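Colleague: Quick one: this structure, given as structure tokens, is what I'll be asking you about.
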């Protein structure tokens, strides 16, 4: 009886199954996720390198973009390698501390992404609505304070989940029908009341993300009103183009999140395997697409990428432009 109590309060490990019901497709799903992971890792690493090394990119907008790239690297490295190993090698063991660590960085990255997108919306609001005061409003000190608030808020929201899970006794079969550890998935394995986990796990993060989304919506409402009041058509197009990449990233981040919440709440007839597959895509796809969007739609980054990979052709094009 004493051994049972020790194991129930301090579980040795969990078993991650993958996607139950799609075992026959695990190999091909794993290949797809491995390719997506390579794209995400390479794209965000290049983005970080360019922003850190190019002095012309040392502006608030690109600083927030580097934070987004760093957070996406944390997100994809937290889950995707373990996910691919499950798809290729079968169910995998993960220790209880390892499971808590993965859970923390998974949810922490989501909270960070949401806060960074809000900060980027504020940056675009200042740049378009108060262009002459941009450098005086978003000073280096203000940007540092925004970064501290983003990190502190995300940490304070997610860290209590670790203690909410550590207090629970586990006396059931410690098998997680998923590819990674997440808060409610771990809590459901406990043999105790998890009402606090459910309320905190859903209410606090959702309220935080929804408040971010509302503030982003307000920012872009004011931005669009300002843009369409500009006298010049060229000025309107230029202002809209500077926001295009950010709007695409916002849609990629929030649309699947809202769909996932609605599916869990109302989609009782949707197969469980679909929920798990969609959750994995939500972890892997945005980190892979974000650097592609910014690389294609942001001229400064596009030019630096061309200079990094095609230096000779870029120099020749610049010389021809000067000759004209």
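The backbone N, Cα and C atoms fix where each Cβ goes, and this holds for glycine too.
Quantities reported herein were computed from a predicted structural model and do not represent experimental measurements.
TrEMBL feature annotations, pasted as is:
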{"type": "TRANSMEM", "residues": "27-50", "note": "transmembrane segment"}
{"type": "DOMAIN", "residues": "43-294", "note": "domain 'G-protein coupled receptors family 1 profile'"}
{"type": "TRANSMEM", "residues": "62-84", "note": "transmembrane segment"}
{"type": "TRANSMEM", "residues": "104-122", "note": "transmembrane segment"}
{"type": "TRANSMEM", "residues": "142-165", "note": "transmembrane segment"}
{"type": "TRANSMEM", "residues": "198-223", "note": "transmembrane segment"}
{"type": "TRANSMEM", "residues": "243-262", "note": "transmembrane segment"}
{"type": "TRANSMEM", "residues": "274-296", "note": "transmembrane segment"}
Colleague: Counting Cβ pairs under 8 Å that sit 6 or more residues apart, are there three or more between the transmembrane segment (27-50) and the transmembrane segment (274-296)?
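Modeller: In this chain the transmembrane segment (27-50) contacts the transmembrane segment (274-296) - 3 or more Cβ pairs sit under 8 Å.
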Colleague: On average, what pLDDT score does this prediction assign to the domain 'G-protein coupled receptors family 1 profile' (43-294)?
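Modeller: The predicted confidence over the domain 'G-protein coupled receptors family 1 profile' (43-294), as a mean pLDDT, is 87.
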Colleague: Take a look at 104-122, 198-223, 243-262, 274-296 and tell me which one has the most Cβ pairs under 8 Å to the transmembrane segment (62-84).
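Modeller: Looking at each of 104-122, 198-223, 243-262, 274-296 in turn, the most contacts to the transmembrane segment (62-84) are made by 104-122.
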Colleague: Apart from its near flanks, which chain residues at least 6 from the ends of the transmembrane segment (142-165) lie with a Cβ under 8 angstroms of it?
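Modeller: Contacts of the transmembrane segment (142-165) (Cβ under 8 Å, skipping residues fewer than 6 from its ends): 60, 63, 67, 100, 103-104, 107-108, 111-112, 115-116, 119, 122, 183, 186-187, 196-197, 200-201, 204-205, 208.
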Colleague: Give me the stretch from 104-122, 198-223, 274-296 with the greatest number of Cβ pairs under 8 Å to the transmembrane segment (243-262).
Modeller: 274-296
